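Student: So that we are looking at the same thing, I have put the structure below in structure tokens.
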Amino acid sequence: MSGNDGPARRFDTSFRCYPAAVLGRGELNYSGMIILPPSALEKLTRLRIAYPMVFELHNVPQQKMTHAGVLEFIAEEKRVYLPHWMMRTLSLKAGELVQIKSTAIPSGSFIKLQPQSTSFITAISDPKGVLENALRRFSTLTKGDKFQFLCKGDIFEIAVLDVKPQHQSGGISCLDTDLEVDFAPPLDYAEPVLTTTTTDTGSGGPGSLVGGGRVTPFTQERSMAKRIGYSALAAPVISTASPQPLRLPSGTLFFGYPIKPVKAGGDKEAEEKKPSMFSSGGGQTLRDATNKKRKYEDINGKGTKSD
């Protein structure tokens, strides 16, 4: 391990980086922490670097940078173990050099995050609560990071779009601070397309657009039924959901049902044989005509015996 103490007594050392899975510490992948060798702790102690320790991680050839905290000092000498997402953010491969510098960054007051998949809002019932719990494993966050966290066996990726207060390094501390979190729509989120339909009628053949929408099979079927006179051939469909319609012969007027007491069968038949009051203008019945005939014969002396 080679070191270089600057005039400001700053820790500045390069290590060979490896993913945390190599060390058998898979949980490190869902945090913002790194694992350094014991010699790094000795040097940090001599430099009197204050806790909590925060570091800048640089991929110098790629000119990429992020921040991290330190979890433990148990790595082999000249090695550092990083979360998988951190190596990807820095475009580092296993065994490549990463420059690590001690630094100080302000406590964060605001952060804007963007889930990389809509599953973050569809699969998690309380996204903000879950994220708040996940951020406890992160001592720092940097604009441009794409960190990961684990929830119920699923891995979720979040991009850091913005941080406040602004700092030249683009990083903030997440320790002991009230951090306001804002969410951007997920990266793969698409606004739902609203389709509108109208009931205006129009002309057109099968498959053409009618009233702003394509003709449906039901519309074509209804037109075919009309052409073959299906309504006249098919038996009427009796619906039990509503009262039955009153069916009267053509030209008959209906003024409502008369309220009459129930009559015997014979009286009903005799009543049906009576001519309608509208069949003659006299308003007479057959029985009235018979009585008048008998009265006329009595007056003229017919129907009596002669002496």
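From the backbone N, Cα and C atoms, a Cβ is placed for every residue, glycine too.
Note that the structure is a prediction, hence the values are computed from the model and not measured.
According to TrEMBL:
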{"type": "DOMAIN", "residues": "11-106", "note": "domain 'Ubiquitin fusion degradation protein UFD1 N-terminal subdomain 1'"}
{"type": "DOMAIN", "residues": "108-186", "note": "domain 'Ubiquitin fusion degradation protein UFD1 N-terminal subdomain 2'"}
{"type": "REGION", "residues": "196-215", "note": "region 'Disordered'"}
{"type": "COMPBIAS", "residues": "202-214", "note": "compositional bias 'Gly residues'"}
{"type": "REGION", "residues": "264-307", "note": "region 'Disordered'"}
{"type": "COMPBIAS", "residues": "265-275", "note": "compositional bias 'Basic and acidic residues'"}
{"type": "COMPBIAS", "residues": "289-307", "note": "compositional bias 'Basic and acidic residues'"}
Student: Within the domain 'Ubiquitin fusion degradation protein UFD1 N-terminal subdomain 2' (108-186) only, compute the mean pLDDT.
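Tutor: For the domain 'Ubiquitin fusion degradation protein UFD1 N-terminal subdomain 2' (108-186), the model's average pLDDT rounds to 92.
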Student: When the domain 'Ubiquitin fusion degradation protein UFD1 N-terminal subdomain 1' (11-106) is classified with DSSP, how many of its residues are helical, how many are strand and how many are coil?
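Tutor: Summed over the domain 'Ubiquitin fusion degradation protein UFD1 N-terminal subdomain 1' (11-106), the classes give 24 helix, 37 strand, 35 coil.
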